[in-house]
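One structure is given here, and the rest of the page talks about it.
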Amino acid sequence: MTTNYIFVTGGVVSSLGKGIAAASLAAILEARGLNVTIMKLDPYINVDPGTMSPIQHGEVFVTEDGAETDLDLGHYERFIRTKMSRRNNFTTGRIYSDVLRKERRGDYLGATVQVIPHITNAIKERIIEGGEGHDVVLVEIGGTVGDIESLPFLEAIRQLAVDIGREHALFMHLTLVPYMAAAGEVKTKPTQHSVKELLSIGIQPDILICRSDRAVPANERAKIALFCNVAEKAVISLKDVDSIYKIPGMLKSQGLDDYICKRFSLDCPEANLAEWEQVIYEEANPAGEVTIGMVGKYIELPDAYKSVIEALKHGGLKNRVTVNIKLIDSQDVETRGVEILKDLDAILIPGGFGYRGVEGKVATARYARENNIPYLGICLGMQVALIEFARNVAGMENANSTEFVPDCKYPVVALITEWRDENGNVEVRTEKSDLGGTMRLGAQMCQLSDESLVRQMYGTPTITERHRHRYEVNNMLLNQIEAAGLRIAGRSGDDQLVEIIEVPNHPWFVACQFHPEFTSTPRDGHPLFAGFVKAASEYQKRQAK
């Protein structure tokens, strides 16, 4: 089977939406029966985003096989059925690390190690490896054409197109076509200069996706085609939309998938986008709305919680309600009190690291528990719920996590010191171990208790969810907490670790150690988020009586 590659680049400015455009195109090609995957190549020097600040980089998306990756991989999984893996995302730092390790081992037989050919060859090998077994691979190059960091990647894809044959490689370039209000027209010059920049590297784009706040007129698209040496039907207008799930239909209506299939000589049926039309219909026709407060520490950049925000929206789709998300800084709860949590239909505490704002989260969990407000805790959100219950219900004064207070009297959450890696080998880690790549990561099996609320929602006794954490519930102190009324609703496959807790005498209080947001999609939703939004609607109705 021959694999075809679509290389996606961006020009003029960053944040044009290359990831969304690539994912939308992949969704159309998948709807034509093709086996599609997407890769993201990040030009930064970090080995992976695992230790990067969420405020700088956005969330870290965790794949099934435990890779800490760029948030764009979350978009990919929400748009196509193919599951991403560690092969779908790599960085400049990862490439250089691999090449330097080979150099130290002597693999290059004393040769002078250079960007060309050693770095570019390593990039090409990764791309080929990631594309194995697929009909079409979309490869998104992070950054903007012209950035010095992107040059090795651009050179590598230029070479790769020659290596595999131009009949199996296609370059798609996203560019900005700004509207000038004073002139009353869109301007094509930035696009022309961006393509000129690509040409100077040796890449002639085959398709241009023109991003604008409005539809780019046909005469302007013809002008772009003429000056950029691109077929007129390959100049696609992609205007701003109120829902990203409309983009597959917009691209299909302009014949982008037909153009690509013809270019690659792929004989496949017409795309059926009925599932996406259903998503758009559900989004456009809600029967009500709810307000959910998300209490976190990285709220100045909503992308830090991208998958959680999307999963809440998916929960809204499944309940035919619009979810209004109110982002609340947990430090504000500490300084201003729980008054700022008034008028919420439900409360969610997402994952996080570090002590800043933790007491605000503990106070939030208590407020939700004592006032019967639906509560969903994720990762740290489960740990603070446990700490709060231990302190205020189980009589364990000053209970805490050893992450925050190492020598506390009741360490109800503690560091896991023994781990099994993907090969089954036992590793011992301590608080002095490296932060990068040393967490419990990826898909893990969980057994649900028969009487639990989550068992009803999932409809199955065992589930698989993705993890990203270093601290766990301390089993040594669990008996006292359970005796006070907390329900252990889910345990790890080996029965050793607590994965889900519930408060039984509460309408809906669920907290999980894993990250359910990573497996939620607009077409299928997720049982926990669908149940959570439903509980918010029911709470709203009770309050209105």
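Backbone N, Cα and C define each Cβ position, glycine as well.
Binding of UTP is annotated in Swiss-Prot for Ser14, Lys187, Thr188, Lys189, Pro190, Thr191, Gln192; the matching candidate from Lys40, Lys223 at the same site is Lys223.
When the candidates Glu334, Glu403, Glu451 are compared with the L-glutamine site entry in Swiss-Prot, which names Gly352, Leu380, Gly381, Met382, Gln383, Arg470, the shared residue is Glu403. Binding of ATP is attributed by Swiss-Prot to Ser15, Leu16, Gly17, Lys18, Gly19, Ile20, Lys239, Asp240, Val241, and the same site annotation extends, among Asp65, Asp70, Asp72, to Asp72. You'll find the Cα of Asp72 (ATP binding site) roughly 10 Å from the Cα of Glu140 (Mg(2+) binding site). Taking a C-beta cut-off of under 8 Å and a sequence gap of six or more, Thr191 (UTP binding site) has these contacts in its own chain: Gly11, Val12, Thr175, Leu176, Val177, Leu208, Cys210, Ile224, Cys228. Within the set of binding-site residues Ser15, Gly19, Lys223, Asp240, the entry lying nearest in space to Glu517 (active site) is Gly19 (CA atoms). For Asp240 (ATP binding site), other Cβ atoms within 10 Å of its Cβ number 9.
Comparing C-alpha positions, Asp240 (ATP binding site) sits nearest to Thr188 among the recorded positions Thr188, Lys189, Lys223, His515. In the structure as shown, the Cβ atom of Lys189 (UTP binding site) sits within 10 Å of 11 other Cβ atoms. Rounded to a whole value, the Cα-Cα separation of Lys187 (UTP binding site) and Gly17 (ATP binding site) is 19 Å.
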